[in-house]
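Since the structure comes first, as structure tokens, the remarks are kept for the end.
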Amino acid sequence: MTPAIVTLFAADRRAKKNGELAFGASLSERRRIEKANAAAVPRQPLWLQFKDVAIKMDLFGLVLIGFIFGLILFPISLAKTVRGGWSNPSIIAMMVVGVALIPAFIIWERFFAPIAIMPKRIITNRAFLVAVGIDFFYNFSGFLRSLYLSSFVWVVTDWNTREWVYFNNTMTITLCVFGLVAGLILRYTGRYKFLQITGLCIRSLGLGLMVAANGAIAPTVQLVWTQILIGIGGAFSVVGSRVGSQASVPHEDLASVIALLSLWSSLGSSVGSATATAIWTSNMPDNLAKYLPGVPEATIKKLYGSIRSARIAAPAIREGVIKAYSVTTRPMFIGALGLSFISLLLAFLMPNFFLGDTHNAVDGKNVAGVVTAEATVGTSNQPIGERGASETQQQTR
């Protein structure tokens, strides 16, 4: 937090020194003015306020899309645990209703929603669609790999608790550190596309190392480097998606783009988690029984339900447990690697706007609200950042 606090204080001091922050901009003064304005305007009834918020949020559309993904993803996770599996009427009904709601959602958004979740001007925006695709498959592959990674590592290695916790937090720390590095690179180069492509290549390399790892046989350095490489690549990729999508829309659509990108990223995470759960629940019990012949069923259930029991099992039993864990998680790691290439291919379709002094690459206005010379180059139907190529190229050199 210290760098952020220092930065905020420095910006506040600079603004006061330049006369850009008046007393009227203070929090207490703003609250006083807002209170006075609120008193002058008649207060709407509570139900009208709720209606207004529901329309602006497209609450019905959000509920629909929540039901769609919930009804489709829940059966994937639950099929193995309910009687009859995929033949269970409840599982079939959820899947059918979930799929049937998809056209209902499209019709609602297209013809009936007063304020659609994804307006036409956004869903036809190439940069936004590419960013959604990149982040959806990024999170899909990420959660497919990581949902059971912690349990896998705890069982197949002999690390103590501290080493295990360090491993689990390695990727998070790497993401944070190299997120700052990515910001500095963007500040210097003014471009993000090739940084994102590089990041996705690094991430795929890390996922490939995870596939090459073979349970307890994999050296510690290999397992740790998978986390580091995935963290570096992830930091570069996430920054690219955020910057590219936000630069491609006017300021009034900025909040919508941020929220929608976050929504689809979260849905990708949900799909990855559901897929990993389905693989685990479908294969792990059978693999334990396969690699632990002669072990009572009650013991196998205990090993399946507790990573602590799997870790402290007798050497002969633990060897079979490690084999079962390795065989079960391998399809997840391979699937994650394959999905990562989809994100990589999509990154080549991302526009490469120049990150200059303008708010975005659409209206070309700077922080003062003035259209700059850079934004007026080219024809009106070309997005800024792709027009005036010679000028922006000179700026990046």
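Every residue, even glycine, has its Cβ placed from backbone N, Cα and C.
Those TrEMBL annotations? Automatic predictions, nothing curated.
Transmembrane segment is the annotation TrEMBL gives to one range among 4-25, 224-245, and that range is 224-245. Contact between the transmembrane segment (123-144) and the transmembrane segment (59-79) is absent: fewer than three CB pairs lie under 8 Å, with pairs separated by 6 or more positions in sequence. Non-local neighbours of the transmembrane segment (333-355) in the same chain are 126-127, 130-131, 133-135, 137-138, 140-142, 144-145, 186, 190-194, 196-197, 200-201, 203-204, 207-208, 210-211, 213, 237, 240, 243-244, 247-248, 275, 361, 374, 383-386, 392, 395-396; each lies 6+ residues outside the stretch with a CB under 8 Å from one of its CB atoms.
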